[in-house]
Structure formats: structure tokens, C-alpha cells
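Before any comments, here is the structure.
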Amino acid sequence: SLFELGKMILQETGKNPAKSYGAYGCNCGVLGRGKPKDATDRCCYVHKCCYKDRYSYSWKDKTIVCGENNPCLKELCECDKAVAICLRENLGTYNKKYRYHLKPFCKK
């Protein structure tokens, strides 16, 4: 869910997820669409399948561990984990000018 995703992003990047990524670029946030503005925005672009059910995870030794017996929920958790790690790995591309990018200007 968005709650777990937000926690993962905070843990991986140290950034406030809503403030830093809630409207970042063309693809981060609820109305995300269009060509990614940079590598950070591309992380959100590939993360379009993860919003459905709530799942649980733990934070052990600075690593996200998805611990579900339900394979569907584990897959959702792994998807959120992947975007959180992608955002951390691309912190160097984070550009404040895209923080509140207007989605209508994004091209499909």
C-alpha cells in the first residue's frame, strides 16, 4: 500500500516521500504519466502495478525484507521495495525543479 511504500522510500532515501516524490516529474504520484524527466522519474515510471493490497515487511540490517506467505502480496511488496531501492540508487539525479512538476505538460 502507499503507507508501506512511503516508509520504504523514507528508509532507503532519507527523504520525505510525499514532499520529495508525491508530485515529482511526470510519473511519481497518483496522476503519473508520460515520458520520464530523469532516472528518478523513471523509477516511478516502472512502478505502476503496486497499489492494491496491504502487506507487511520488516527493516533488518538496513535492508527491506518482504515476509508474506501470500505470493501475490509478496510480489506487491517486492515491487515497492524495488522502486524504493531505485530511488535511492538514483538520488544523484534528483532535481528539485521536478519536485512539483505539472503533469499536463508531460508527453505520452
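Here the Cβ of each residue, glycine as well, is placed from N, Cα and C on the backbone.
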5-17, 31-43, 96-108 - the one Swiss-Prot records as region 'Important for membrane-damaging activities in eukaryotes and bacteria': 96-108
Whichever of C72, C77 is disulfide-bonded to C66 when Swiss-Prot is consulted: C77
Proximal residue to K103 (site 'Cationic membrane-docking site (MDoS)') among recorded positions C26, C28, C44, C77, K96 (C-alpha distance): C26
